[in-house]
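Participant: Take a look at the following structure, please.
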Amino acid sequence: MVAAHPSCSEPSLELIASAYHRLNLLAFSPVMSATIDDVQNKTFDYVICGGGTAGLTVAARLTENPNTSVLLLEAGDANIDDMALLLPAAYGSQFGKNQYSWPHQTTKQKSSNGQAYMWYRGRGLGGSSGINFYCWTKPAASEIDDIERLGNPGWNWKNLEKYIKRTERFTLPSEETQRTLNMNFNDWDLGTDGPLDIAYPASIDPAERKVQEAFLNAGIPLARRPMNGDPVGTCYAPITYDPKTHTRSYATTAFYLPNKDRPNLIVLPSSYVNRVLPSSQSSSDFIAEAVEFQHNGQLYIVRANKEIILSAGSLKTPQILELSGIGDPAILRPLNVPVKVDLPGVGTNVQEHYTLPISFEIRDDVPFETPDGLSDPEVFKKHLELRSTGTGAFTTGITGITFATLAQISPRADEIIKSVEEKITKNADKLSPALLEQYRISLDRLRTGAGCEFVSCAGMVSQPNPAEKGKRYLSFWVAMNHTFSRGTIHSVSDDPKVDPEFDPHYFEEEVDLQVSVEMVKFARNLKNISPLKEMIAREHNPGPEIQSDEQIAAHLKRYMSTTHRELCAQYRRYMSLIRRPDTTGSCSMLPRERGGVVDPQLKVYGTQNLRVVDLSVIPLIFAAHPQAVVYGISEQAADIIKGTFQP
């Protein structure tokens, strides 16, 4: 067993680096990205702003044609072969480190007792695919079909599934693992020839089967086709993991490194995009001609022959649009930004998942390997050495995923649904047609959709009670995925380096809090259900003093997330996950008259050749960790841009 350490149990980046140097395991390759000389005074067919999950995918697909030239600008560093990103189980150790993450922060939230929350996002090539928690899940088919239903022909599950499979290179777990965990893949259909490794970690503790059995005994069925549009139930989900090297598979390893030697692909890190510059040609539409960006303290402009593509993510893409003069005049004029395109939907319709971790102490006599002790340098070193044998903490991952309907987890489901239905009916004439349509879809999802997610994780990840020396823990994240509250992201300065105002309006709609409370109650009750009942010594967080719905709600608001300065390293990493990079809607793909920013071809309204390709275009948030969908969006977008997309 890995013994718990009296202090926080996170392996710091410094510890990771020093241990790898001592063990001579660091293997930085001589990969060299471009220099400013490769870019300056040159013109490219396409300029992509943002080298994260979407940007790298689109760049790789466009440059499959050797006659197409692409420049990709990434604000962060390349971080190639950096074990701080590649090492499994070093969850969240990148948060709060400027080399790897952007420390965005929300405004103080009125419905959360004035609390502000951290929104970390990936910084460097690969973006958030390089710092997420590896989870590979997919939404219900109906939830992707809802995108098409909202006015976007071709954006449906049939197409998205095809494009996600193009990215996937799935490897089945060993036969022994399949027998131990009673896995059945007969009805699963994943891609096997793509560039992104999707697999199971080499080490999965047999006790994970008991965790799954507890969900089954709680009335949650086994998910039969969770990777193919029917996620309802509990399953072991694969992760973005290279089973040969026991390292992270992400956009950099999948889409950049295999294509880095293409002469028609130029990737320039440390390049912070300021704005898109329009052509001086006389036209009723905005013609995107060039990108203004900062590199090593200098200002540069690079031109595009064909198109400019924004892939800066849901938090920064709307800011780039606004500083380019595309947005709501009421936002732009006070900043002295000339209005080029009146497009008030920019930065609106923002949606987020809500997540809270809870933890149980495991009985001392129960076999269960957990990472509660990796901050002890000797324990950490031992597990690094074990990694080369395909064992130990650094060959583990988060695989226990459960998606349930509200009715499956709460006796109050009918009451909550009825109250939402009555509120929508009462306020129908006050809501915009676009929001009313979205709310009606969300109400259907509340009735039958699997928006209640539970993620099991070995180890201590919650607050406020700290881990105790010598103890081991089992935790669950509860995630409310079908949120009703709508937020905004808007620029507050014409200085691109000044973050926009992130205001998610958390819990502004009471249903978001009510469902979250019911989910916490369900997760807490798992300790009373066999076989967890025989494994758990006690609940550690929230703790026995939290009992009433009002107390649970207050706990949710306090510990749903927190600023990293308040936390020790362990809590910083996990609480930051709570604001996992799931923000959608800030550049919604909707009809323009319904608040849309891009059309079904992902072109920004009022422009001829400016597109958005990232999670911001999703108009209605779905129940899944987002990275699979982002890869699928990007694959489909690449075909749209190339003119080869066939609905």
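In case you wondered, yes, glycine gets a Cβ from its N, Cα and C as well.
Note that the structure is predicted; figures quoted are calculated from it, not measured.
So TrEMBL lists these for the protein:
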- 122-145: domain 'Glucose-methanol-choline oxidoreductase N-terminal' (DOMAIN)
- V273, P626, Q627: FAD binding site (BINDING)
- 313-327: domain 'Glucose-methanol-choline oxidoreductase N-terminal' (DOMAIN)
Participant: Given a separation of at least six residues and a C-beta threshold under 8 Å, show me what packs close to Q627 (FAD binding site) in the same chain.
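Facilitator: The list for Q627 (FAD binding site) reads T53, S128, S129, N132, C135, W136, T240, given in order along the sequence.
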Participant: On the DSSP side of things, how many residues of the domain 'Glucose-methanol-choline oxidoreductase N-terminal' (122-145) fall into helix, strand and coil, could you say?
Facilitator: 9 helix, 2 strand, 13 coil
Participant: To see if you understand the setup: which same-chain residues, six or more apart in sequence, place their Cβ under 8 Å from that of V273 (FAD binding site)?
Facilitator: C49, G50, L73, A75, V291, E292, F293, A312, I320, P496
Participant: Between any two of V273, P626, Q627, the residues recorded as binding FAD, what is the biggest Cα to Cα distance in Å?
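Facilitator: Per the listed residues, the maximum Cα distance equals 24 Å.
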Participant: Suppose we draw a 10 Å sphere around the Cβ of P626 (FAD binding site). How many other Cβ atoms does it contain, all chains included?
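Facilitator: The Cβ of P626 (FAD binding site) has 25 Cβ neighbours within 10 Å.
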Participant: Summarise the model confidence on the domain 'Glucose-methanol-choline oxidoreductase N-terminal' (122-145) as a single mean pLDDT, whole number.
Facilitator: 96
